[in-house]
């Protein structure tokens, strides 16, 4: 869309609703924000980006879906198994700031295409690694994380540039629905392919083919250069707030800043800082759940005597399939519920977004703790409380991104997203799977080797996640103290 910036200086600022559910823009008779709504091509581009996001997270969660098979194949301890996902996350988060910097300054289509091609190729190659070369398998997962980072930092900013206000938030909500949906499908794909073929390696040969289709669609539909919104356009970010100001002749519209200057500016934005720490707690919990929950459910069933210990080459994958289905269903429902709750509550409270995130984190932590405690006696209740825990975690996905996009100026958004990825993964899911595995190993080492202690060790380790979830809720509460001031600063 092309914004009209030739506006009369005497017009006062026009305030709008903002965030995940901004409605229609109130415009004066002489204010034109866009000449027309989004074209069909814009929706097609968004669809391609959503499809690629789906593949990103499917590939991300293939390993947890067949974790027991991989652990037996490479003869890994709990600690080493957790390290497998940690390597992926570490490479992902370290690469994110680099691609964030590039995404704010260079051609985003090329960055997206290169990333999809790279992670698809490495994923396919990892399916041919034999049991003698487990270190190469670890390295391959790290390389996939680098390719994934190039996509995750850039794609949301393109969607934010394609759509105005309420439509933009709707499209971002749809985009982020594919995080839990892709994660769940990753479990289903991995477990299904292992069951059908009898060989877990085939799970890594499906997403690369789907990635090839995404690359072709990206080349055909996404323009070589996408128009970026800048502060000069005054249709700032997803917030839906428009401030009309006069432009002085001869004044440079958008001052270029260095990456360090952008980082310093973001560090002074307390809404961004506290919401990023809240997201870090979310990442810690989801990373640990995603990696270890199917394994935890299996050990709980063995401890109860309802399932025989898996000693054969290929293990029963029903827990991965069920957990994947729960992740898909709760993810879709959670993201939609979060966006709708934000839309309704923001009408009566401008701090609704961080308060929604805080409440959902507290409830999720409670549900997770109950799920852990009842796992030894009732596996059905465990599934139910895990579902509620994941549901309330999923409420926050689109809302947290929404907060970032209306408290950060558009020309710093890719950098902000990259920094948020770096912090949330460095302190979150980069270490949580490994930490859970290390604690489990330590508990097992001090007790008799038995299936009962194998379950208890993982159960006690998971309690850490419940406490981290409570801290996450506290961080979002702190965000609510600063969000109004930072939003207004971003509008200026």
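Sequential numbering from 1, following the chain as shown.
Quick reminder: no glycine exception, Cβ is built from N, Cα and C everywhere.
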For the annotation transmembrane segment in TrEMBL, which listed range does it cover: 244-267, 460-483?
460-483
In TrEMBL, which of 272-293, 294-315 is tagged transmembrane segment?
272-293
Residues flagged as transmembrane segment in TrEMBL, choosing from 18-38, 354-374:
354-374
At a C-beta cut-off of under 8 Å, are there same-chain residues at least 6 beyond the transmembrane segment (83-103) that contact it? List them, or none.
60, 63-64, 70, 76, 111, 115, 137-139, 141-146, 148-150, 152-154, 157, 259, 287, 290-291, 414-419, 421-422, 424-426, 429-431, 433-434, 437
For the transmembrane segment (354-374), could you work out the same-chain residues 6 or more beyond its ends whose Cβ comes under 8 Å from its Cβ atoms?
271, 274-275, 278, 281-282, 285, 289, 338, 341-342, 345, 381-382, 384-386, 388-393, 395-396, 399-400, 403, 459, 462-463, 465-470, 472-474, 476-477, 479-480, 483
List, by number or range, the same-chain residues at least 6 past the transmembrane segment (43-63) whose CB is under 8 A from its CB atoms?
70, 84-85, 88, 112, 116, 119, 123, 141, 144, 148, 151-152, 155, 158-159, 162-163, 171, 174-175, 178-187, 189-190, 203-204, 207, 210-211, 214, 217-218, 221-222, 290-291, 324
Which listed stretch (110-130, 272-293, 321-342, 380-405, 460-483) has the most C-beta pairs under 8 A with the transmembrane segment (202-222)?
110-130
Excluding the flanking five residues on each side, which residues at least 6 beyond the ends of the transmembrane segment (321-342) place their CB within less than 8 Å of a CB in that stretch?
19-21, 61, 65, 169-170, 173, 176-177, 179-181, 183-188, 191-192, 290, 293-294, 297, 352-353, 356, 360, 383, 386-388, 390-399, 402
Please figure out which one of 110-130, 136-159, 171-190 racks up the most CB pairs under 8 Å against the transmembrane segment (380-405).
171-190
